[in-house]
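Dumping the structure here so I can ask a few things about it.
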Amino acid sequence: MAEKDILSSLRSLMASHSPPLDALVVPSEDYHQSEYVSARDKRRAFVSGFTGSAGLALITMKEARLWTDGRYFLQAMQQLSDQWTLMRMGEDPAVDIWMADNLSADAAIGVDPGCVSVDTTKRWKLAFSKKQQKLVQTETNLVDEIWKNRPPEDVNPVSVHPLEFTGCSVAEKLKDLREKLRQEKARGIIISMLDEVAWLYNIRGNDVPYCPVVHAFAIVTLNSAFLYVDNRKLSNEVKSYLEENAVEVREYTAVVSDVVLLSSNQLDLANAEDAKDIKSDSDETVTTVSDTVLIWVDPGSCCYALYSKLNSEKVLLRQSPLALAKAIKNPVELDGLKKAHIRDGAAVVQYLVWLDKQMQEIYGASGFFLEGECANEKKNLKTTKLTEVTVSDKLESFRASKEHFRGLSFPTISSVGPNAAIIHYSPQAETCAELDPDSIYLFDSGAQYLDGTTDITRTVHFGKASEHEKACYTAVLKGHIALGNAYFPNGTNGHALDILARVPLWKDGLDYLHGTGHGIGSYLNVHEGPHLISFRPQARNVSLQASMTVTDEPGYYEDGNFGIRLENVLIINEADTEYNFGDKGYLSFEHITWAPYQTKLIDLSLLGPDEIGWLNTYHSKCRDILAPYLDDTEMAWLNKATEPIGA
């Protein structure tokens with residue numbers, strides 16, 4: 001269906017809707033507020049043509065606008081037709097403000113209540129109240145009605161994630177969750193986030209590309225636990241496992257009616273007497289069912305469609321307790337993440353060895369180590385070529401050979417020259433660029449392993465980089481080192497630390513439009529909250545804590561020329577400081593990503609002795625840690641790539 005036909009069809013449905021709609025909002029998210037969604041849930045991409053993971057489309061009777069963040073400005077400009085207007089988050093008015101200011105009084109704005117969170121809905125309603133505009137919950141999703149070739153729902157099998165990787169049983173997780181419910185006088189909780197459902201019940205799936213999750217909801221009460229999932233996805237083995245863990249399986253769509261039952265206290269039929277005299281580990285009597293009245297709902301992840309079935313006066317609107325519990329990794333998860341990153345680092349080194357050789361043989365490039373000009377006669381005589389897609393496929397093949405590999409953790413960002421300036425660039429086979437020995441090459445990639453999820457970015461040049469490119473690379477590296485070496489007291493949030501990665505860039509009047517760090521799942525989502533390191537206000541919401549994971553990924557992007565980003569995954573540890581001012585306890589970071597930085601891109605005159613010392617120590621660890629996974633040729637290359645600098 002042509003884009004103008006999509007907009008025309010939607011406007012026709014809007015006009016015939018009861019009440020008629022003056023505007024229709026099409027969010028990126030699915031019914032679980034997922035960042036990455038399945039093919040059949042990519043409604044915003046279908047209507048707008050913009051394929052980035054974050055954004056929101058607004059369609060009125062006369063215009064169409066798309067909001068997205070700084071990671072996607074360039075991509076959106078390239079993908080949106082002249083039917084659309086790009087709205088830059090952080091620069092242009094937010095969507096609710098724009099609608100309140102620009103739509104008529106009494107305007108009706110439609111949205112599928114399953115695709116918007118409680119928080120978002122409340123914020124919009126408040127904005128609309130100024131002009132008596134109203135948010136209309138559509139009975140069906142209007143996009144689905146016109147999407148004739150909408151991809152079918154896949155029936156992907158659910159698997160049990162064994163204790164050797166999870167480190168904590170379902171029984172233990174449910175016990176901890178119920179203790180939190182009692183503390184907050186809640187008798188039940190609705191769990192919508194796919195990774196939280198998977199983490200709680202120690203199950204994994206394949207319903208969303210790159211994320212090993214299952215399309216499912218969960219409800220947990222003081223006496224019962226429910227999983228709402230397409231029953232066809234469960235083998236007899238998985239059904240038995242869930243039954244053994246006292247998890248009752250119900251059909252995915254039954255969650256709506258069960259939320260109604262939960263609201264009226266009819267879902268959990270167990271006698272309240274059974275909960276009396278429950279003892280905590282400390283032998284103190286805890287709250288009984290008769291004392292609990294609230295239903296816990298995460299306003300940031302629960303869709304408004306479910307929330308609207310509850311009595312709002314008896315709802316505890318608070319972040320899910322599973323978000324923090326999942327983010328603070330147990331010793332088994334930490335050990336698995338470290339091992340996964342070692343194998344992943346070996347794959348990245350093998351890729352760089354291969355790519356270095358190919359660039360020299362095919363393009364006459366001077367290579368990873370030397371700075372000579374490209375041998376143009378060889379470049380002109382080449383019979384084969386490397387593209388952003390073919391080389392990223394090769395990187396995937398190196399990862400696929402590693403133990404416990406289950407797939408990529410996100411679409412590989414394999415970007416040459418100007419494309420590297422597109423922060424979340426996604427190359428397509430038909431339109432991607434050929435590798436260029438005279439341009440920067442940035443690759444941001446990761447994998448899903450049974451014992452951990454990985455995410456790494458390196459930026460390299462196989463020819464002669466300009467002095468400006470070296471200065472920018474070095475500024476990014478300095479910020480990367482500064483953040484990774486930080487010590488900070490307990491209670492510090494990621495908003496406070498974000499500046500450390502930016503100061504070296506700010507000195508030159510440079511910056512970047514994305515956050516600096518996000519959590520990483522344990523064979524789960526590559527972007528995991530609730531914490532983050534960012535300039536955005538939400539980074540203030542959660543303090544960084546020991547045993548969390550977080551990335552360290554500053555960058556710099558020059559539109560039309562090049563992009564630079566460096567990224568490692570860090571673990572937060574308790575720090576052994578000489579003093580302990582305020583008895584707060586202090587924290588520091590531990591790098592678990594292992595792959596060399598390209599020293600020929602570094603302007604050594606811009607690094608201090610401590611930074612040079614850190615880089616040499618890191619490279620020495622790379623050699624020692626990766627040696628068992630590399631052959632003699634690969635090891636010789638790594639030895640050269642990690643030779644001490646500044647000596």
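A Cβ is built for glycine as well, from the same backbone N, Cα and C atoms used for every other residue.
TrEMBL annotations: computationally assigned, not manually curated.
The domain 'Creatinase N-terminal' annotation in TrEMBL covers 8-139. Per TrEMBL, the feature domain 'Peptidase M24' maps to 337-574. Residues annotated as domain 'Peptidase M24 C-terminal' in TrEMBL: 585-645.
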Kindly report the helix/strand/coil residue split of the domain 'Creatinase N-terminal' (8-139) according to DSSP, in that order.
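Counting residues by DSSP class gives 50 helix, 31 strand, 51 coil.
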So what pLDDT does the domain 'Creatinase N-terminal' (8-139) average out to?
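PLDDT averaged over the stretch: 96.
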If you run through the domain 'Peptidase M24 C-terminal' (585-645) with DSSP, how many residues end up as helix, strand and coil?
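Counting residues by DSSP class gives 37 helix, 6 strand, 18 coil.
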